[in-house]
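Peer 1: So TrEMBL says this about it:
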TRANSMEM  109-129  transmembrane segment
TRANSMEM  141-163  transmembrane segment
TRANSMEM  202-219  transmembrane segment
TRANSMEM  228-246  transmembrane segment
TRANSMEM  252-271  transmembrane segment
TRANSMEM  278-299  transmembrane segment
TRANSMEM  311-335  transmembrane segment
TRANSMEM  347-366  transmembrane segment
TRANSMEM  372-392  transmembrane segment
TRANSMEM  399-421  transmembrane segment
REGION    444-470  region 'Disordered'
COMPBIAS  450-470  compositional bias 'Polar residues'
Amino acid sequence: MNKTAFEKEVGDLTSIRLEPLKTIQLPEITSPSRSMSDSDNQPSYRETIKVTRNGLHDIEDRILRITGYYGYYPGYSSHRREEGSESHAETPASEASGERSQCQSCASAVLKVLGGLLVVLFVSSSWVGTTQVVQLTFQSFSCPFFITWFSTNWNILFFPLYYSGHLVTTREKQTPIQKFRECSRIFGEDGLTLKLLLKRTAPFSILWTLTNYLYLLALRKLTATDVSALYCCHKAFVFLLSWIVLKDRFMGVRIVAAIMAITGIVMMAYADGFHGDSIIGVALAVGSASTSALYKVLFKMFLGSANLGEAAHFFSTLGFFNLIFISCVPFILYFTKVEHWGSLSTLPWGYLCGVAGLWLAFNILVNVGLVLTYPILISIGTLLSVPGNAAVDVLKHEVIFSVVRLAATCIICLGFLLLLLPEEWDSVTLRFFATFADKKGEEHGEELTESSGHTRSRSRANGTVSIPLA
């Protein structure tokens, strides 16, 4: 009789299915008296299971081919089982690697925060030290522009210090000229030229000198606490200029912070009745904050953001420009008897080097901190200089602050903190309160279910049934 292909396949299936059953022999429990040769002649349990599995794989392959399964290829079922076993085997490893990556990210975030706190401490300490040493210098040497010029010259050391750190921390070494050319891209693709030096560096050098000079002049009129608090208003001026010039996003909370800063300035000027050295000192401190804000906005407009190497290059260029082109100003002030410092041997070089070193350390810490940690922590470090200077003024100089000055300082600091809020702070706050309300609702629902369960158990124990009222 002629059989169709389908019947042949079915016949083959039945024969293949019966073969492993004939070969399967259950393992027998051998007695101690049984010889080892008899047990060796019997097939092992693993071999019989393996034969059965191969038979099942062949049967499934035949069925899939007969039924015309879409996308079938020989060994499909066994291949799928092997893939399944491999995926199940890899799942614990992938979970372990995921947990390990999460632990590493958490550890890096914790280290970044801890490093940021150290940078905050160093930033605030260096700025407090600079302000206090300047006031000590004024007791024997009252020449603020000479101090400004001398301290700015120390910015030349910024790039050599950065290159030294580059040699220590990186494996791929570069020559100083190669690194200098690489970092000079902040001025453009062509690097630093004489035209760019005069065009880009001159405005920033003038603003830098004005900021520091006005700050030192204000320290001759006011206490260190008042000047550092008024200087914190530069954050509000940066927002206003960025909103007007750079067309940054409008934020109502930052407008409120700017109004608070202006209110603090007015209250600080009103503390002594709008007369005497107080109003002049307030005007000088506000002028220093204004030029600092203009410096930062113009830097963002023309040069954009800079990495640590580019910042070191820029600061060293500022110091070089100050040494070459602004060195004539101290001599002009000397011969016009605006600032008279006597002979070089009588100058307080210890105080001068202390001011310049602390100022350089402050600038280095600010730029390094922006790379190593969060920028908001650096701003907080600048703000902490206000209570630091207040503590020194009270403990060492025995300064007594009036209520108006304390209120003005607190208002300015509060406005500074409001300016540190991120742009999406409102949506983040609403999302936080929404999640908090959801958690509260879930906890309240769980408490209701638990209380209803307790009432049911009590009613059953008392033989009564509680019927809820409609």
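Even glycines carry a Cβ here, placed using N, Cα and C.
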Peer 1: Given the cut-off of 8 Å on Cβ pairs that are 6 or more apart in sequence, determine whether the transmembrane segment (202-219) and the transmembrane segment (372-392) share at least 3 such pairs.
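Peer 2: As far as Cβ distances go (cut-off 8 Å, pairs 6 or more apart), the transmembrane segment (202-219) and the transmembrane segment (372-392) do not touch.
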Peer 1: What stretch of 228-246, 311-335, 347-366 shows the most Cβ pairs under 8 Å to the transmembrane segment (141-163)?
Peer 2: 311-335
Peer 1: Assess whether the transmembrane segment (399-421) lies in contact with the transmembrane segment (347-366), where contact requires at least three Cβ pairs under 8 Å among residues 6 or more apart in sequence.
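Peer 2: Per Cβ check, the transmembrane segment (399-421) does not touch the transmembrane segment (347-366).
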Peer 1: Excluding the flanking five residues on each side, which residues at least 6 beyond the ends of the transmembrane segment (311-335) place their CB within less than 8 Å of a CB in that stretch?
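Peer 2: That would be 143, 145-146, 149, 152-163, 180, 183-184, 186, 192, 197, 201-202, 204-205, 208-209, 303, 341, 363, 367.
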